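This report concerns only the one structure given below.
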């Protein structure tokens, strides 16, 4: 369950930002994760809740939003969402090429915003 280490990293980043801005309370953290990032949202949410339970971050809301996969064809440069949406080797709807696509989005994992007091 690598979500535990992801939660630890998120909490370290959150604590750094809180210190940087002189804030004492975390209200909400929004995390954006790509469909190909291998993050299990329920596991990350549970890890976040457990790790913040007895801290000043207890009760903070973790909002997660998934970014869909977007590929760019290496042959015709068309951008498309594969079907199924987790397929990295899908035929390009423009030219039919199946291999060598560039992942434009879908692998990211980052904090989009923090709501602090």
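Indices start at 1 and increase along the chain as displayed.
In case you wondered, yes, glycine gets a Cβ from its N, Cα and C as well.
As the structure is a computational prediction, the values presented were derived from the model and not from experiment.
What Swiss-Prot annotates here:
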{"type": "BINDING", "residues": "2", "note": "Ni(2+) binding site"}
{"type": "BINDING", "residues": "73, 76, 92, 95", "note": "Zn(2+) binding site"}
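Projection of Swiss-Prot feature records onto the structure.
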residue : record              : DSSP class
2       : Ni(2+) binding site : coil
73      : Zn(2+) binding site : coil
92      : Zn(2+) binding site : coil
Legend entry - Zn(2+) site, defined by 73, 76, 92, 95: further same-chain residues with Cβ within 8 Å of the Cβ centre: 74, 75, 77, 78, 93, 94, 96, 97
Legend entry - residue 2 (Ni(2+) binding site), number of other Cβ atoms within 10 Å: 12
Inset, instruction - Could you check the binding-site residues 73, 76, 95 and say which one's CB has the most other CB atoms within 10 Å? - result: 73
Legend entry - Neighbour count (Cβ, 10 Å) for residue 92 (Zn(2+) binding site): 22
